[in-house]
Amino acid sequence: MIAGAHLTIDLEALAANYRLIRDRAAPAAVGGVVKANGYGLGAVEVALTLIGEGCRHLFVALQGEAEALVPELPHGIPVYILNGLLPGGDAACAAVGAVPVLNSLDQIERWSAEASARHARLPAVLQVDSGMSRMGLPADEIEHLLVRPELLRSIDLHFIISHLACADEPGNAINGAQETRFRAIAAHFPGVPLALDNSGGIFQARSRFDLVRAGIALYGGAPHGNAPNPMQATVALEAHIAQLRTIPAETGVGYGLTFKTTRESRIATIPVGYADGWPRCLGNKGAAYISGIRVPIAGRVSMDSITLDVTDVPDEHLYPGAPVELLGPHQNIDQVAADADTISYEILTQLSRRYERAYLPAGTRARIRSITP
Ligand SMILES: *Cc1c(COP(=O)(O)O)cnc(C)c1O
């Protein structure tokens with residue numbers, strides 16, 4: 001075994017998730033959010049799969065991500081940069097043909113200046129802050145823009161967008177308040193298409209404007225915390241047993257000997273650790289599966305390995321090289337995230353570059369089946 005584990009990425013599951021969101025969001029169009037290397041799955045592979053399904057709008061976070069992605073895509077698919085224009089990056093952004101999300105008056109002024117310098121109109125998205133206090137024009141800058149509309153004269157506004165702070169909590173009244181504020185701001189820009197919803201917003205019972213920005217749901221994460229997850233898993237992660245040992249009762253395992261056996265025990269070591277993005281906080285908390293049997297993590301997660309208590313697994317499943325499921329039919333990204341007290345986004349975006357990766361192509365049957373609720 002050369003790599004510590006094998007990551008299988010099911011592009012047909014991704015495509016099926018896109019189609020589910022498309023049907024759910026219609027008549028709004030679906031934009032694909034492929035920031036952070038497509039949530040860890042590979043921005044180019046994800047983007048090309050989505051485009052194959054009819055997606056015509058892609059979002060990244062950073063200009064560097066756009067610069068890497070745009071040349072790999074068919075011509076004419078806009079790649080929007082959510083974090084906006086970096087100081088000094090204006091000319092490079094225009095040169096690569098990416099579309100910045102303008103998040104401040106300063107960014108609007110700089111993009112206008114870039115357009116003037118090129119004697120051209122330049123495309124952009126305008127983000128307004130409807131209540132999250134993170135990105136986008138705050139109220140005073142919006143007022144300022146409304147009395148100086150000439151600032152936008154050389155800019156082609158594709159969309160006005162905003163972002164929900166509590167989209168994963170459908171019952172939270174903040175969602176409606178943000179929508180109302182967004183509508184009020186957008187009314188000053190008649191005719192410009194609007195986009196508010198991320199995955200959580202898409203699965204709320206509200207209007208969805210002209211475009212949605214789907215991220216985690218495309219990748220199989222649950223759009224809402226406590227509801228059943230309608231999405232298909234897109235990743236499976238399989239390690240193999242590197243070493244097996246039998247140890248007596250009252251024996252410690254791993255750094256700090258934080259796990260102590262209460263009976264004669266079998267311990268299996270797998271070559272995946274926190275350097276692979278498997279959270280260190282899962283020590284003595286998380287689990288893996290061998291032939292469908294839950295095997296708890298025994299002791300701390302090391303940098304490059306994890307020790308599992310496999311005492312309850314029948315012998316025929318235990319041998320060096322035996323497969324160990326970390327993500328798959330019995331355990332999905334939301335369950336690992338819950339054990340680690342984090343969110344599925346973090347589990348996906350930390351998936352190791354050391355894993356050997358294989359892509360299952362779209363257009364075939366999705367193969368990563370979940371048998372968990
Ligand atoms: C990351 C991001 C999204 C996608 O969010 P998901 O919850 O993953 O669907 C949408 N819009 C903005 C502004 C984002 O930063």
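A Cβ is built for glycine as well, from the same backbone N, Cα and C atoms used for every other residue.
Whatever TrEMBL says is automated annotation, not expert-curated.
Annotation source TrEMBL lists active site, proton acceptor at Lys35 (among others). Every protein chain considered, the tally of other Cβ atoms within 10 Å of the Cβ of Lys35 (active site, proton acceptor) stands at 20. Under the DSSP three-state reduction, Lys35 (active site, proton acceptor) is assigned to helix.
The N6-(pyridoxal phosphate)lysine annotation in TrEMBL covers Lys35.
Classification of Arg134 (substrate binding site) by DSSP places it in coil, neither helical nor stranded. Annotation source TrEMBL lists substrate binding site at Arg134, Met303.
According to TrEMBL, the domain 'Alanine racemase C-terminal' annotation covers 234-360.
Taken residue by residue with DSSP, Tyr255 (active site, proton acceptor) is part of a helix. Around Tyr255 (active site, proton acceptor), the same-chain residues at least 6 positions away in sequence with a Cβ under 8 Å from its Cβ are Gly299, Arg300, Ser302. If you look up TrEMBL, you'll see Tyr255 (among others) marked as active site, proton acceptor.
Taking only the Cα positions, the spacing between Lys35 (active site, proton acceptor) and Arg134 (substrate binding site) is 17 angstrom. Residues within less than 8 Å, Cβ to Cβ, of Met303 (substrate binding site) and separated from it by at least 6 positions along the same chain comprise Gly273, Tyr274, Ala275.
In the structure as shown, the Cβ atom of Arg134 (substrate binding site) sits within 10 Å of 10 other Cβ atoms. Broken down with DSSP, the domain 'Alanine racemase C-terminal' (234-360) shows 25 helix, 46 strand, 56 coil.
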